[in-house]
Structures are given as C-alpha cells and as structure tokens.
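Taking it in order: structure first as structure tokens, then the write-up.
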Amino acid sequence: MVIVETVFLVVIVETVFLVVIAETVFLAVIAETVFLLVIMEVVFLAVIVEMVFLAVILETVFLAVIAETVFLAVILETVFLAVIAEMVFLVVIMDAVFLAVIVETVFLAVILETVFLAVIAETVFLAVIAETVFLAVIAEIVFLVVITETVFLVVITETVFLAVTVETVFLVVIMEMVFLAVIMETVFLVVIMDTVFLAVIMETVFLAVIVDTVFLAVIVETVFLVVIAETLFLV
C-alpha cells in the first residue's frame, strides 16, 4: 500500500513538473511571438517613415524646380524689357539725328540765303565760322549718343552676367540640397539596418535562452526521474 501511494505521489509530482515545463515552453512561445510582432512593427514603422522622408525629398526637389522656372522667367522678362528699352533708345537716337538733319538743312538754307544776299565777304566768313561751329556741335551730340549707347549696352551685359551668376549659385544650392538629402537617406537606411541587426541579435539571444531553459528542464527532469527510480528501488 505504501509503495502504491508513493508511486501515485511520484506520478502526480511528475505530471505537475511536466505541466510546469509545458507552461514554460508555452509562455516562451507566446513571448517569442510578441517579440516577433514588435520587430515587424518596428520595421513597418521604419518603412512608413522612409516613405514619408522620400516624399519630403521629392517635394523639395519639385519646389526647387518650380522656383528655378520662375527665376528663369524673371531673367527672360528682364532681357525682354532691356531689348524693348534698347529699341526705344535707338528710336530716340534716330529721331534726334533726323531732327539734326532737318535743322542742318534749314541752317544751310539760311546760310545760302545769307551768302546770296550778302555783299560783304565778312558776312560769308562769319557764316562759314557759324557752320563750322554748328557741325562741331552736331558731331559732339552724335559722339555723346554713341557713348551713352555703349554704356547702356554695358549695363545690359552686366545685368545678364549677374543673372547667369545668380542662376549658377541657385543651381549649386539645389545640388547641395539634393546631396544632403541623399546623405540623410543613407544615414537613415543605416539606422534601419542597424535596428534590424540588433533585433536579429536579440532574437538569437532570446532563442538561446529558450533552448537553455528547455535544456535545463530536461536535465532537471532526468535527475528527477533518477531520484524517482532510486526511491522505487529503495522501497
């Protein structure tokens, strides 16, 4: 009767111990599942952040292209206005020359009239002097017009050169922004890869702990069975 009772108690203790081991393994499986879900959630959130970051980069490049288009339109508008101003200035010059020719014609007619009416050679001489002075004044006006035209062309060239310089600087800034975006993208990918690598390491350690726990349970189970066998043998 004592032997049956002892065997019954041993069986009960063995059953409880096996239930504890199964419960430990079951909890380990549940924890493993939760851990894998957390890893998948981290990777999914990293992918979402990556997509948002790429959208921001594309938005920045798109806005830079729009600003570039507007800037080119302003440059073309400036050059077009400069051409219009140049045409107006040339029309004014041609008008001034035309008026000078008319005045010169009238003045020559007056001189001819004076010469025709004059009897004194002094009057003719004074008319020649006045003609010379008038021609010098006209030449001076034409020379000043040419100088003004040259200065105006230099100003237009300088404006276009400055526009090209600003354009070059703007393109360099855009390229710098894109380069920084690529660098940030690379760093972000490295962080994501590092996170996944750490998750894999933690996963390996966690599996090692589970295997170690099961191995220790098997060792304890073996020792417990040896003790039971020893007890039965002694009984």
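Glycine too: its Cβ is placed from the backbone N, Cα and C atoms.
Per TrEMBL, transmembrane segment is recorded for 7-29, 35-58, 70-92, 98-121, 133-156, 168-193, 205-229.
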*Give the one range among 7-29, 35-58, 133-156 whose Cβ atoms make the most pairs under 8 Å with those of the transmembrane segment (168-193).*
35-58
*Is the transmembrane segment (98-121) in contact with the transmembrane segment (133-156), using three or more Cβ pairs under 8 angstroms as the rule and ignoring pairs under 6 apart in sequence?*
yes
*Any chance you could find the range in 7-29, 70-92, 98-121 with the most Cβ pairs under 8 Å to the transmembrane segment (205-229)?*
7-29
